[in-house]
Amino acid sequence: MPSSLTKTESNSDPRTNIQQVPKALDKNVTNSGNLDSTSSSTGSITEDEKRSEPNADSNNMTGGEPIDPRDLDWDGPDDPDNPHNWSSLKKWYTTMTSAFLCLVVTMGSSLYVSSVPELVERYHVSQTLALAGLTFYLLGLSTVIGAPLSEVFGRKPVYLFSLPVSMLFTMGVGLSNGHMRIILPLRFLSGVFASPALSVGSGTILDIFDVDQVSVAMTYFVLSPFLGPVLSPIMAGFATEAKGWRWSEWIQLIAGGLILPFIALMPETHKGIILRKRAKKRNIALKKFSREAQKEFLKTTVTITILRPLKMLVVEPIVFVFSVYVAFIFAILFGFFEAYAVIYRGVYHMSMGISGLPFIGIGVGLWIGAFFYLYIDRKYLFPKPPAGTQPLTEKERTSKRTTPYRGARDAETGELLPVVPEKFLIACKFGSVALPIGLFWQAWTARSDVHWMAPVAAGVPFGFGLILIFFSVLMYFSTCYPPLTVASCLAANNLLRYVMSSVFPLFTIQMYTKMKIKWASTLFALVCVVMIPIPWVFEKWGSKLRHKSQFGYAAMEKEAETEGGIDDVNAVDGELNLTRMTTLRTMETDPSTREKPGERLSLRRTHTQPVPASFDREDGQHAQNRNEPISNSLYSAIKDNEDGYSYTEMATDASARMV
């Protein structure tokens, strides 16, 4: 899962603290992005902002011009304020709090389903209209506005504001008199204010774990949006059966109240927010967020979260195919909320409470799939460094850790090797086969002459395949596109996933009633069989599709060449090895472009205009102040022999620094 940019030795001794921002973004605007885990992400994309000199802050304390907040950085790799240097207890407290918050808000989807039978009987509404409460909540969860807000105000304030507001709307549903014209808008608003838990949570995890440690934490976090809908029917079934439909809302309200104090005690993790607060304590004057920057930020937010995701669904085959794939299997899960009632209450005559227990089978499959993915990640994608591997140097460290990064290494040089994006599809291959097996299993065993344990066990391969496919797609998107474009990919996936999931429960009962259980589940299974070749197809032709992408790294380089041209004469001395990929900062490196295994792809700095004299390494003034901006800089990954290219990263004024 994780990745990193590590440095090579060079005469110029460059550092890797490169901040990536959109081309249209003003220098005062903070970047944004998201990772739903079911999703997406976002998280902070300013993790490796430029590193200021240790005495930069102290120089400003004596007066002078206010400095750009983005010029702030840690005092060094051992800075105790850096979340990467927190104790394991503090890291895991923050991780589990974020994960349980995700669990609480996703529980709200299926908790409501248990109230539908009583709403239909008591208030004389149609079953489809009653189920619309689930639809409206899922539509609310599809919004991703929380991620960019967290880049401005921080993770913790967004959590503390959004959850109580969502709980107030949940309380309104519980106190309503059953009129759907009241319940439906309240359910939608509850989902909207619950959505930041999903869109901001992944950024919280990436804020605190080093690149080669994030897999385990992210796995537990991504499990939450799946476990929430699976576990809540078990609780709500017994509660509504004994106390009435309103308890489907009270359970979520109680869960939200329990997690709120833990959020209040959770530390802020966003790098920019931590450094800004510390700057105020040190009496450092900071530039304010100008009105022009606010407008630019709003424009960028709308582009990243709404306009670009919709366009990518139309013009990007990678985004469209995998988003439809994930959305369909996720929608099947939500369709099971009604299908399981038909199977276990209709065929096996279980009570409301007992009929929720079969979801345990899917939950077991989710856990097995998560552990299996961790095994693939540690043994195949990013294996442990071999014995004798040199520890990281002080220049290579971004935290106090000195252990080598994980990952495949060149047998001769011991250098970390890049990972082709299609390599992450290996887990998707296992999942694509397991998913239809579980559906066929359920289809042909859910009958009265077969014990109920048989269809319950069918949930294990279904959950196993579901989580593996989601993990693979998440990583594939993250390594195919630049950081801000990844945020749009995940937003597109999140939107399509929850929109499709909101529709499936509306026709599931009719489908299972008229087609019968056998053929309804078989139909789902056959669609999944048709989708089995997807990971193999993209493994073979994915590289060509990436090179033709309108939003990938190749497109960015073509745009840079068109607008400014690349002048190799202005190339800055020094290279940066590209070794691993993260969900927020990645460069695509395809070993198929290398002429021999030992050849490496490196990150070289070039410029779209002549370099000012102040950037000359021999210039005395620059030697004193090494924080000069590189105007209109372009970061391009090229082969060592400069014969051909890999891909590029764009940066605007003041977004990248010579250090």
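Cβ from N, Cα, C; glycine included.
Keep in mind it's a predicted model, so treat the numbers as computed, not measured.
Features as listed in Swiss-Prot:
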- 1-81: region 'Disordered' (REGION)
- 1-20: compositional bias 'Polar residues' (COMPBIAS)
- 1-99: topological domain 'Cytoplasmic' (TOPO_DOM)
- 28-45: compositional bias 'Polar residues' (COMPBIAS)
- 100-120: transmembrane segment (TRANSMEM)
- 121-128: topological domain 'Extracellular' (TOPO_DOM)
- 129-149: transmembrane segment (TRANSMEM)
- 150-157: topological domain 'Cytoplasmic' (TOPO_DOM)
- 158-178: transmembrane segment (TRANSMEM)
- 179-187: topological domain 'Extracellular' (TOPO_DOM)
- 188-208: transmembrane segment (TRANSMEM)
- 209-215: topological domain 'Cytoplasmic' (TOPO_DOM)
- 216-236: transmembrane segment (TRANSMEM)
- 237-246: topological domain 'Extracellular' (TOPO_DOM)
- 247-267: transmembrane segment (TRANSMEM)
- 268-316: topological domain 'Cytoplasmic' (TOPO_DOM)
- 317-337: transmembrane segment (TRANSMEM)
- 338-355: topological domain 'Extracellular' (TOPO_DOM)
- 356-376: transmembrane segment (TRANSMEM)
- 377-423: topological domain 'Cytoplasmic' (TOPO_DOM)
- 387-408: region 'Disordered' (REGION)
- 424-444: transmembrane segment (TRANSMEM)
- 445-456: topological domain 'Extracellular' (TOPO_DOM)
- 457-477: transmembrane segment (TRANSMEM)
- 478-486: topological domain 'Cytoplasmic' (TOPO_DOM)
- 487-509: transmembrane segment (TRANSMEM)
- 510-518: topological domain 'Extracellular' (TOPO_DOM)
- 519-539: transmembrane segment (TRANSMEM)
- 540-659: topological domain 'Cytoplasmic' (TOPO_DOM)
- 587-631: region 'Disordered' (REGION)
- Thr589: phosphothreonine (MOD_RES)
- Thr606: phosphothreonine (MOD_RES)
- Thr608: phosphothreonine (MOD_RES)
- 622-631: compositional bias 'Polar residues' (COMPBIAS)
On the DSSP side of things, how many residues of the topological domain 'Extracellular' (510-518) fall into helix, strand and coil, could you say?
8 helix, 0 strand, 1 coil
Checking distant contacts: for the transmembrane segment (247-267), what same-chain residues at least six beyond its ends satisfy Cβ-Cβ under 8 A?
83, 86, 90, 93-94, 97-98, 100-101, 104, 107-108, 111-115, 156, 159-160, 163-164, 166-167, 170-171, 173-174, 232, 235-236, 239-240
Under 8 Å for C-beta pairs, could you tell me which stretch among 129-149, 188-208, 356-376 has the largest tally with the transmembrane segment (424-444)?
356-376
Intrachain neighbours beyond the topological domain 'Extracellular' (237-246), with Cβ under 8 angstroms and 6 or more residues off its ends:
114-115, 118-119, 122, 174, 351-356
Could you name the stretch, out of 129-149, 188-208, 216-236, 519-539, with the greatest number of CB pairs under 8 A to the transmembrane segment (457-477)?
216-236
Going along the chain, which residues at least six beyond the ends of the transmembrane segment (158-178) come within the CB cut-off of under 8 Å?
101, 104-105, 108, 119, 122-123, 133, 146, 149-150, 186-187, 189-197, 200, 246, 249-250, 252-253, 256-257, 259-260, 263-264, 266
Mind pulling out the one from 100-120, 188-208, 356-376, 487-509, 519-539 with the most Cβ pairs under 8 angstroms to the transmembrane segment (129-149)?
188-208
Sequence-remote partners of the topological domain 'Extracellular' (121-128) [C-beta within less than 8 Å, at least six residues beyond its ends]:
178-180, 245, 506, 509
Using Cβ atoms and a strict cutoff of less than 8 Å, what residues sit near the topological domain 'Extracellular' (510-518) while being 6 or more residues removed from its termini?
338-339, 342-343, 347, 443-444, 446-447
